[in-house]
Every structure is written in structure tokens, then in C-alpha cells.
Amino acid sequence: MAPGSRLLLLLLSILGAPGLGDPGPLEDVVIDRYYIPKICLREVQMGDFIRYHYNGTFKDGKKFDSSYDRGATVAGVVGVGRLITGMDRGLQGMCVNERRHLIVPPHLGYGSIGVAGLIPPDATLYFDVIMLDIWNKDDKLQITTLSKPERCNRTVENSDFVRYHYNGTLLDGTPFDSSYSKDSTYDTYVGTGWLIKGMDQALLGMCAGEKRSIIIPPFLAYGEKGYGTVIPPQASLVFSVLLVDFHNPRDGVSLQHLEVPPSCKRRAVTGDFVRYHYNGTLMDGTLFDSSYSRNHTYNTYIGKGYIIPGMDQGLQGVCMGERRRVLIPPHLAYGENGAGDKIPGSAVLIFDVHIIDFHNPADPVEIETVFRPEGCNVTTRDRDFVRYHYNCSLLDGTKLFSSHDYEKPQEVTLGANKVIEGLNSGLLNMCAGERRVLIIPPHLGHGESGARGVPGSAVLRFEVELISMEEGVPEGYLFIWHGEPPAGLYEQMDLNKDGEIPPDEFSAFIKAQVAEGKGRLMPSSDPEKVIADMFRNQDRNQDGKITAEELKLKSDEDQEKIHEEL
């Protein structure tokens with residue numbers, strides 16, 4: 001009889017229905033399909049190998065045999081004479097998890113002989129059967145793709161190392177193992193004999209993030225021996241698999257250039273110090289770390305072993321402002337041990353990186369002249385007093401400061417340690433009206449610690465315009481003569497000839513020298529303060545007047561003959 005079309009002999013009188021007479025001996029097996037699963041992917045056919053449980057009783061209910069009592073299922077081949085004829089017929093057409101009552105007449109059971117001590121001659125046998133597994137020696141691996149990522153640049157090949165989650169059940173749905181219950185992926189090589197043959201084959205061609213349902217026949221699983229107490233002999237296995245990630249031991253770092261600025265004048269090399277933001281994820285998208293969450297860039301040297309080898313390689317050649325995806329195999333990341341509780345052992349890591357800036361400790365200030373007036377003969381020198389406008393930003397365009405936010409330009413004496421070293425250098429040799437762009441590395445800026453509003457180790461970009469400049473005086477001087485100082489200096493300074501010089505006489509004399517071009521004050525936005533400082537230096541006993549004994553040229557004090565001043 002063909003499966004599915006067989007006539008089921010529901011002889012209710014034999015089952016004891018009231019009001020019907022005894023029709024006499026049975027001609028065939030009586031089948032009662034009292035439970036049929038909603039989904040039946042396969043029915044038992046002649047030659048199939050099956051596993052099932054049963055209880056065997058006589059008509060009076062007395063049990064003569066039970067697979068349950070032995071604690072083991074029955075396995076065998078249908079239709080090849082290894083079972084009693086009635087069972088051979090009664091099992092055909094069954095689905096996995098189907099339950100049947102079978103009534104087997106004597107001539108389809110053990111006949112007039114019976115089984116000594118167990119089944120009397122001419123006994124009608126009653127079986128309660130549940131089908132647990134069906135397979136055939138011609139079966140192949142059954143793979144169903146449940147979900148697959150839209151992008152799949154690479155699939156599993158032999159010798160790859162895979163990390164996957166799985167639920168494992170028998171064909172009847174009985175669970176036997178799950179990686180989820182262990183809270184850890186199953187990690188192994190593919191195609192090298194570490195897995196059962198069916199799983200070795202079923203994982204090939206998978207993408208990271210793909211889900212598959214896999215049915216493995218026993219001869220591609222644990223076969224006749226089964227496995228421990230959880231997988232019986234000759235059991236088909238069903239796996240629901242989620243591939244978390246995979247790599248090959250020969251893999252190097254893989255780069256995806258997501259966004260490269262049109263202008264890339266310089267690329268990072270070994271020894272450069274790089275500031276970058278990143279999101280770090282596993283291959284399944286799980287975020288394990290992010291610099292954005294800390295609102296602080298990650299700052300490090302590259303190529304010197306301060307970071308994992310894969311990132312050391314992955315940052316080589318980056319441009320400022322570039323966005324790059326770096327895929328790092330575990331042997332170039334945290335290896336078999338992983339890191340902390342967020343990076344599992346043997347995990348492939350993906351970093352989405354945004355380069356903020358980089359520099360080398362040997363970098364000078366980079367100066368680009370945007371505009372230089374014609375006929376520029378006078379340029380700034382050390383100790384000159386300059387007025388300038390500026391805009392200061394990070395290399396990613398983040399605005400930090402601007403002199404345009406204030407009422408007047410910035411003022412400073414060059415070389416007086418009032419501005420960062422890089423800006424001081426960038427303002428030298430400029431003409432009034434000249435405009436420059438300065439790129440200042442952190443060792444000539446605000447260093448590793450940064451400053452208020454300036455991140456540590458930040459490269460700074462200044463747009464500067466020199467408004468005006470005044471010739472300065474040497475360091476330590478407040479006033480210098482353009483020639484030799486006047487003879488009889490004290491007498492000339494003592495305007496009323498009373499033998500002492502009060503502040504007003506001192507100030508009047510110095511202003512007259514400046515007005516006549518005989519000397520110059522240290523440039524300042526407050527010349528009165530400079531003159532007051534000069535007076536204070538000469539009034540050595542601080543009594544409010546300068547005597548002839550107190551008045552001395554600086555050359556008399558430090559024996560410097562290059563300049564002479566009060």
C-alpha cells in the first residue's frame with residue numbers, strides 16, 4: 001500500500017465498542033491514528049530506518065513488553081522482514097511524533113507458536129506506538145536558510161574557524177544540547193574533523209549573521225553508537241544554527257575605506273600619534289566599546305605596540321578626517337582568551353574609525369601663506385609687539401576660539417612666553433596685512449594635557465592676520481637708546497635741579513626721548529605702565545624718588561654692551 005492512501009481498518013467492534021457482535025478473526029492490522037501532528041514532512045516507507053517507543057499488551061491489558069521499561073527506543077528497518085508482519089504494516093505511513101494504536105492478529109504476529117514464556121500461541125497483540133525518527137540510507141543533509149544578511153562579502157570555507165550558537169534537538173523535538181544555555185558560542189575549525197560530518201558540510205557557505213535549520217541523518221552524525229545518554233543510536237539530529245563570526249588563521253587585517261577626504265596631503269605612518277573616534281563591534285553587530293560614549297578620542301602612537309596588532313596595521317596610511325572600517329581577526333586582536341566580559345575568545349573585531357588628527361613628535365609648525373602684501377620689507381622679529389586676528393579650530397573643523405569674538409585684535413610681545421610656542425613661531429617674519437594658516441602640533445601647542453576647551457594632544461589650526469607691529473626691545477629691557485645715552489644723564493633728568501627725580505620728572509624725560517626719536521619703550525598697549533615699571537626699578541629703596549646713587553644703566557648692572565637702557 002502506498003503511504004497516505006492506505007485504507008485504515010477502524011474495526012471498532014474489535015476495540016470493544018458496545019452493541020456490535022464479534023465479527024470473528026481479524027484479517028489485517030487494525031490502525032487507529034489517534035494523534036497526527038499538524039506538520040508531517042515525511043512518512044515511513046518500505047526500507048526506511050525508524051526509531052520508536054511502544055507499549056505491548058494483550059486484549060485484557062496485561063503488558064508483555066515495553067521499550068519504555070527498558071529505557072531505550074527501538075530502531076530498525078521497515079519492510080525487510082526484521083519485524084513481525086503486523087508491525088511492519090502498522091508502522092508504514094507514520095509521521096514523526098504520530099501516535100497509533102495497532103491491533104495485530106495472530107497470523108501477522110507470532111502465530112500458533114507464540115514466544116515461550118512471553119506470548120501464548122494465537123495471541124492478538126495490542127501496541128501503542130509513537131514514531132520518533134525516520135531516515136533512509138539515501139538521505140542527504142537538509143539545509144533551510146531561515147535568514148541571511150543583505151550584505152555577505154564572504155562565506156565559510158574549509159579550514160575556517162567559526163563561532164556559532166545552536167540549539168540541538170532530535171527529530172521529535174527533544175532537546176539534547178544548546179550553546180545558549182552555556183552562554184557561550186561553539187568555536188571550532190570547519191572541515192578538519194573536529195565536527196560531525198553533517199555539521200562540517202552544513203556550515204559551508206554560511207555568512208556571518210546567517211541562520212540555518214539543519215537536519216543531519218545518523219550516518220552523518222553519531223551513527224549506531226549515539227552520544228552519551230542524550231543522543232540515542234541511529235538518531236537524526238536537528239540544529240538551529242546562528243553563525244556569529246568566522247575567520248581563517250591566514251587572514252590579515254581587512255580595510256574598507258568608507259570616506260576619504262578629497263585632499264589628503266599626508267598619511268599616518270609608524271611613529272605618528274593619532275587621535276581618533278571609534279565604535280567597536282563583533283561581527284554580529286554587538287557593540288563592545290565606543291570612544292563616543294566617553295566623549296573623548298582614543299589617543300595613541302601607531303606601529304609601536306601600544307594597541308592590538310590589527311589596529312596598529314589598520315591605522316597605517318590614514319588621512320586626517322578619513323572614516324575607515326577595520327576588520328581584525330582574533331590572532332591580531334585578543335586571541336583565544338578575548339578581553340573582559342565583552343570580547344569573547346577568538347572573536348573577529350570590527351572598528352569603525354574616524355580620524356580626528358595625527359602628528360609626529362618631530363613635526364614643526366606648518367605654515368601656509370595665504371596672502372602677502374607687495375613691497376613687504378619689514379617683518380616681525382622676536383620681542384616685537386604685534387596685533388593680530390585669529391581663528392583657532394581643530395583639524396576636524398571644530399571651532400575653539402576667535403579674536404573676532406572680542407572688540408579688538410589680540411596683542412602680544414613675541415618671545416615673551418605669552419602664547420603657545422607654535423603660534424609664536426608662526427607669527428615671526430610676517431608683514432602687516434599678511435595672512436597665514438598655521439598647523440601646530442601639540443608639543444608646540446597645549447601638549448598632552450590640553451587646555452580649557454582644547455583636548456589633550458590636539459593638533460591646532462590657526463588662521464592668522466597680522467594687523468600691526470611695533471619694533472621691540474631685547475628680553476629684560478623696558479627701554480633702549482637708539483644711540484649713546486646722553487652725557488650727564490642724571491642732571492638732564494633732574495628737571496628742577498633739586499637733586500632728586502620724582503615720578504613725574506622721570507616720566508616727562510622718558511616721553512621726551514621717545515618723542516625726539518632718541519630711544520624707544522618696550523611696545524605695550526599701556527606705555528604709562530612701562531614707564532612706571534622703569535621708575536620702580538630705579539627707585540631701589542622705594543622711597544618715591546630716584547637719587548644719583550640709585551640711577552644706573554642696565555649696562556652698568558649686567559655689563560652687556562649691545563644695548564643700554566634704564
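Just so it is clear, glycine is given a Cβ too, placed from its N, Cα and C backbone atoms.
Here TrEMBL flags 47-135 (among others) as domain 'PPIase FKBP-type'.
Among the features that TrEMBL reports, domain 'PPIase FKBP-type' is placed at 159-247 (among others).
Look at TrEMBL and you will find 271-359 (among others) tagged as domain 'PPIase FKBP-type'.
The feature domain 'PPIase FKBP-type' is assigned by TrEMBL to 383-470 (among others).
The domain 'EF-hand' annotation in TrEMBL covers 489-516 (among others). Sequence-distant contacts of the domain 'EF-hand' (489-516), counting only residues of its own chain at least 6 positions beyond either end whose CB sits under 8 Å from a CB of the stretch, comprise 479, 481, 528, 531-532, 534-535, 538, 544-548, 551, 553, 566.
Helix, strand and coil residue tallies for the domain 'EF-hand' (526-561), in that order: 17 helix, 1 strand, 18 coil [DSSP]. Annotation source TrEMBL lists domain 'EF-hand' at 526-561 (among others).
TrEMBL lists 536-566 with the feature region 'Disordered'.
The signal peptide feature in TrEMBL is assigned to 1-21.
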Tell me whether the domain 'PPIase FKBP-type' (271-359) sits in contact with the domain 'PPIase FKBP-type' (47-135), defined here as at least 3 Cβ pairs under 8 Å among residues 6 or more apart in sequence.
no
